[in-house]
Amino acid sequence: MPNKPGTRNVSIELLRIIAMFLILACHFIIHFDWNHHQLRIALQQEPGWRSALRFLIVQYGQVGVSIFFIISGYFLVEKSFKWNRLLKTWLQMFCYSIAFLVIVLVMGAFRRYPPAVEPVMHGPDLYKSIFASIFPFLYDSYWFIGAYLLMLLVAPYLNTLFATLSRRSMEALIILMGFFSIQILVFGRTTNWNNLVYAMLGYLIGGWLRKYYQDFADRFKTFPMLGIIVLLTVLMAAFNHYISGPSWLVDFMGWKYQIHDGIVLFPIIIGALVFVMVSRIDMNRFPEMV
């Protein structure tokens with residue numbers, strides 16, 4: 001794993017590419033109807049393995065999200081808080097949002113919007129779309145960026161926890177927050193899981209890896225980690241298949257409404273394992289070996 005956060009590490013850049021690919025694949029599956037070659041608002045839940053595998057790809061998008069949060073924790077756990085980091089992220093998202101709105105409006109002036117987009121670009125909904133683009137964080141237009149900004153705000157307090165609490169205490173906190181991610185699956189209706197808790201959990205995992213990975217590096221074997229990833233992936237697909245069919249247990253626990261998120265903890269674990277496997281590859285040495 002990279003020992004100097006200030007230096008550019010090719011493996012971390014590769015991790016970002018992998019994470020972005022998984023997120024793009026997730027959105028592609030959700031919003032593009034391959035059978036009819038048109039856009040759609042949401043992916044419909046259907047019985048069978050085909051639908052289960054589609055939602056597996058959707059849930060793997062959260063592997064990418066987890067990787068981004070873990071990277072943040074890994075590099076920021078030993079850094080002091082800076083307002084310009086927060087403002088820079090906010091300004092970038094604001095500019096992207098405005099630019100995208102202008103592009104969509106210009107395209108709509110010359111051709112008809114796709115059926116999935118047209119309802120929100122006409123009448124009263126058009127004004128809502130404009131306001132959501134101008135004030136994306138107030139309208140929760142981009143949940144990831146909103147969670148990321150809040151994570152940056154609480155990062156100094158999370159860093160203080162690492163500085164004051166023992167390793168075992170931090171591990172207990174990570175386990176507790178991990179339980180929050182599956183709480184709704186256990187209790188059926190109750191959950192303390194939200195976007196900020198999600199971001200904080202990823203940050204804590206990244207911070208733990210930064211602080212303590214070297215003490216346990218010999219336990220992180222590649223093939224066992226690959227085996228865990230495969231096992232969790234199979235369980236995710238099987239769960240998707242099970243909750244898409246008729247079952248009294250699914251109805252009683254309300255699991256059919258969790259098809260989009262699935263077993264939230266599993267993508268986070270997979271993201272952490274992918275981070276460990278890829279980030280410890282010193283790709284900066286490849287040019288020297290050629």
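Glycine too: its Cβ is placed from the backbone N, Cα and C atoms.
Quick look at what TrEMBL lists:
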type	residues	note
DOMAIN	10-286	domain 'Acyltransferase 3'
TRANSMEM	12-32	transmembrane segment
TRANSMEM	52-77	transmembrane segment
TRANSMEM	89-110	transmembrane segment
TRANSMEM	130-158	transmembrane segment
TRANSMEM	170-190	transmembrane segment
TRANSMEM	196-213	transmembrane segment
TRANSMEM	225-243	transmembrane segment
TRANSMEM	263-281	transmembrane segment
- Which of 12-32, 52-77, 130-158, 170-190, 263-281 contacts the transmembrane segment (225-243) most, counting Cβ pairs under 8 Å: 263-281
- the transmembrane segment (196-213): which same-chain residues, six or more beyond its ends, come within Cβ distance under 8 Å? 1, 65-66, 68-78, 147-148, 150-151, 154-155, 158-159, 162, 167, 170-171, 173-174, 177-178, 180-181, 220, 264, 268, 271-272, 275-276
- Message: Assess whether the transmembrane segment (89-110) lies in contact with the transmembrane segment (130-158), where contact requires at least three Cβ pairs under 8 Å among residues 6 or more apart in sequence.
- Response: yes
- To the transmembrane segment (170-190), which of 52-77, 130-158, 263-281 is linked by the most Cβ pairs under 8 Å? 263-281
